[in-house]
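TrEMBL annotations:
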{"type": "ACT_SITE", "residues": "Arg27", "note": "active site"}
{"type": "ACT_SITE", "residues": "Asn45", "note": "active site"}
{"type": "DOMAIN", "residues": "12-102", "note": "domain 'Acylphosphatase-like'"}
Amino acid sequence: AVAMAEGEGLVSVDYEVSGKVQGVFFRKYTQREAKRLGLVGWVQNTSHGTVQGQIQGPTARVRELQEWLRKVGSPQSCISRAEFSNDKEIAALEHKEFQILK
């Protein structure tokens, strides 16, 4: 379990990243970055060439991963757009870890 800072709420955000994001280890790097930040959720490739998923955790950490998804990504990726939706506060984490879904 992740130790939560006092007074820091948890949020859940859905994301979809467009650009050259498939076949460039984007999912693996996203999982690694999420684990480094202590976040839970998932990531998967879509049939239309994007990567999508959900992030949950302390607000500040989630925002960090959103910034990473928008600007950094995996070394060989080329992100054209990162869209976020269903940004909401949650009472508890709904995932146990950060998974790569097939």
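Backbone N, Cα and C atoms are what each Cβ position is placed from, and that goes for glycine too.
Counting residues per DSSP class in helix, strand and coil order gives 24 helix, 39 strand, 28 coil for the domain 'Acylphosphatase-like' (12-102).
Summed and averaged per residue, pLDDT over the domain 'Acylphosphatase-like' (12-102) gives 97. Taking only the Cα positions, the spacing between Asn45 (active site) and Arg27 (active site) is 8 angstrom.
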